[in-house]
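Q: Swiss-Prot feature annotations, pasted as is:
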- 1-28: signal peptide (SIGNAL)
- TYR36: sulfotyrosine (MOD_RES)
- SER45: phosphoserine (MOD_RES)
- 75-147: domain 'Inhibitor I9' (DOMAIN)
- ASP184: active site, charge relay system (ACT_SITE)
- CYS221-CYS253: disulfide bond (DISULFID)
- HIS224: active site, charge relay system (ACT_SITE)
- CYS321-CYS356: disulfide bond (DISULFID)
- SER384: active site, charge relay system (ACT_SITE)
- CYS455-CYS525: disulfide bond (DISULFID)
- CYS475-CYS524: disulfide bond (DISULFID)
- CYS484-CYS507: disulfide bond (DISULFID)
- ASN531: N-linked glycosylation site (CARBOHYD)
- CYS532-CYS599: disulfide bond (DISULFID)
- CYS550-CYS598: disulfide bond (DISULFID)
- CYS560-CYS586: disulfide bond (DISULFID)
- CYS606-CYS677: disulfide bond (DISULFID)
- CYS624-CYS676: disulfide bond (DISULFID)
- CYS633-CYS652: disulfide bond (DISULFID)
- SER686: phosphoserine (MOD_RES)
Amino acid sequence: MGTVRSRRLWWPLPLLLLLLRGPAGARAQEDDDGDYEELVLALRSEEDGLAEAPQHGATATFHRCAKDPWRLPGTYVVVLKEETQRSQPERTARRLQAQAARRGYLIKLLHVFHDLLPGFLVKMSRDLLELALRLPHVDYIEEDSYVFAQSIPWNLERITPARYRADEYQPPNGGSLVEVYLLDTSIQSGHREIEGRVMVTDFESVPEEDGTRFHRQASKCDSHGTHLAGVVSGRDAGVAKGASLRSLRVLNCQGKGTVSSTLIGLEFIRKNQLVQPVGPLVVLLPLAGGYSRVLNAACQRLAKAGVVLVAAAGNFRDDACLYSPASAPEVITVGATNAQDQPVTLGTLGTNFGRCVDLFAPGEDIIGASSDCSTCFVSRSGTSQAAAHVAGIAAMMLSAEPELTLAELRQRLIHFSAKDVINEAWFPEDQRVLTPNLVAALPPSTHGAGWQLFCRTVWSAHSGPTRMATAMARCAPDEELLSCSSFSRSGKRRGERIKAQGGRRVCLAHNAFGGEGVYAIARCCLLPQANCSVHTAPPAGAGMGTRVHCHHQGHVLTGCSSHWEVEDLGTHKPSVLRPRVQPDQCMGHSGASTHASCCHAPGLECKVKEHGLPAPQEQVTVACEEGWTLTGCSALPGTSHVLGAYAVDDTCVVRSRDVSTTGNTSEQAVAAVAICCRSRHLAQASQELQ
């Protein structure tokens, strides 16, 4: 795979030291800075006093980028288990160095992580991977890989709500209470657009540029970062004109960086946050590389510390879940649209899409600061520009409500977006139902959102077609899982259920025999002071429907689901509501376990809406009225031809097979049933604040 295999040298350590001290030994090293010599000298005491670990099989796992040209063999991030002590990374690194030296290998320790995640970055032969994976405390090892900048004035008008548009862009505030960290190339901080608004930190961690003839012209090295800084907070073309920026250089003059450099940059931010806590922080990640477990884990750690991370979805016209940091659930991932609200096309490529994208934003022909001169402007395109727009909007939202959590901010961004404006035909057919049809916009005002019950739909990864395959969707830690549904393109599924896992509730969907796979779909809501539970009824006797309702007084029904434990063809009727009989009851097939999701929260009230047509339809929908939020979606009555039910914003969608091939009769027509809820408590509290 492009890696040079090192020769095994079984020389005594003193002889190895003499060779390293000589000129020939120095020339043989990959680095010429003398660090290897100091390393081996330091290992004498380690080798004398440290017994080698028993040769057990490796329990840790190894990960590398799926795209071979992006890989960096020879550099590895070693991640330790979470419960390890703060001093453990250094101790484990020394142990690895000592054991490698006994085998005739040298390891260069490049960085030790403490504040972001426990681990270290090393340069070593791939021959040592098996040894490293067997070390105690090691959770996994990831090979380093490249990340890339994602760039290839209608934009300001587009993010302003229509009812507030005027002749010029007039944001509700400038985002002055928020600090935005930009991980990018270097920045021309003297440009008139961003002068006095950007602090260029001393952080720099970039790989060498490709090619010996590449000239590091300032205008090339600064171009990407300068443009994005102008989009976020530029005087004339910026979104959040009052936000302050701090730049970290993690991309070289060609717009290329590494996963390890990005990790070190994120740790730099975390260290600053610990040393000098400030107000809300937004981190803009206008870059993308192959899927990286360690980079996603680092984003998760930073998000838990209260930092909002906004990332480019990527410009590869591909599933964003295949790239990092776009695939990290804790990151707000942004795709790119043009002035007509259509997905951006960049030659043969274009914006990424799929379930890992949260929303889209302007990303084509965006005017911003140019590094060619201090008064120059340039037009650029890509998901980097789209992410910069959302970072600016987030800065303004956080300035208006500094106490917003990541979950609350994400829900507001989704709620206030322009909906159903993107032509879904641009996306691959299998991605259309997974990709959000949302274009970012500012909220209509800085107040008045507190009364709203916010919910979003979270899709799982595809389960795969194996016989007993399952899919799992989960909400963010600050969100409540109010309902669970499933979807299968073949229609063969064994239903879904809510299950407790690791102290949290998750939505599980089950594939059926002969099925092509299934998706789990979670409805995740912000419901303060909620007390939620799931009540289950086992399968009823033959010919009898299974019924279940909320047992506790004051609890209301927010969703229904059911599943079959025994193997079948997935043709049983799914759980359904009978709103005309008992609106707080779920009813399912006699062979299925039926589950009622019930919640109690101050002022929470829910109702059921049903919509059906007398003739079979491939899709039936029912929507909640304004002021009500969809929490549950199911089919009524449900037949073998139902593919599944899912929520799109506040609309319940029930999909069936193509009626031209199924031979449906009018008696088999499917109706959509929505559970719509609102919180009178939140509305009252909002009115009192006003």
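Easy rule for this one: first residue shown is 1, then count along the chain.
The backbone N, Cα and C atoms fix where each Cβ goes, and this holds for glycine too.
What you are looking at is a predicted structure, and each value in this text was computed from that prediction instead of being measured.
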Q: In whole Å, how far is CYS560 (disulfide bond) from CYS633 (disulfide bond) when you measure between their Cα atoms?
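A: CYS633 (disulfide bond) and CYS560 (disulfide bond) have their Cα atoms 8 Å apart.
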Q: If one looks at the chain holding CYS606 (disulfide bond), which residues at least 6 apart in sequence have a CB under 8 angstroms from its CB?
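A: Within the chain, CYS606 (disulfide bond) has Cβ neighbours under 8 Å at VAL556, LEU557, THR558, THR631, ILE675, CYS676, CYS677, ARG678.
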Q: Might you list, by sequence position, any residue in that chain lying six or more from CYS484 (disulfide bond) with a Cβ less than 8 Å away from its Cβ?
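A: Residues satisfying the criterion: ALA473, GLU496, ARG497, ILE498, CYS507, LEU508, ALA509, ALA520, ILE521, ALA522, ARG523, GLY559, SER561, SER597.
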Q: How many whole Å apart are the CA atoms of the residue listed as 'N-linked glycosylation site' and CYS475 (disulfide bond)?
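A: Cα to Cα, the residue listed as 'N-linked glycosylation site' and CYS475 (disulfide bond) are separated by 16 Å.
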Q: How many Å separate the Cα atoms of CYS586 (disulfide bond) and SER384 (active site, charge relay system)?
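A: Between the alpha carbons of CYS586 (disulfide bond) and SER384 (active site, charge relay system) there are 46 Å.
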Q: Sort the residues of the domain 'Inhibitor I9' (75-147) into helix, strand and coil with DSSP and give the three counts.
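A: Residue counts for the domain 'Inhibitor I9' (75-147) by secondary structure: 23 helix, 27 strand, 23 coil.
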Q: Count, for each of the disulfide-bonded residues CYS475, CYS586, the other C-beta atoms lying within 10 angstroms of its own C-beta, and report the residue with the smallest count.
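A: Output over disulfide-bonded residues CYS475, CYS586: least Cβ neighbours within 10 Å is CYS475.
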Q: Out of the recorded positions listed (HIS224, CYS455, CYS532), which are within 10 Å of CYS253 (disulfide bond), Cα to Cα?
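A: So far as Cα distances go, the recorded positions lying within 10 Å of CYS253 (disulfide bond) are HIS224.
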Q: I'm trying to understand the geometry here, so how far is the Cα atom of CYS599 (disulfide bond) from the Cα atom of CYS550 (disulfide bond), in Å to the nearest whole number?
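A: Rounded to a whole number, the Cα-Cα distance is 9 Å.
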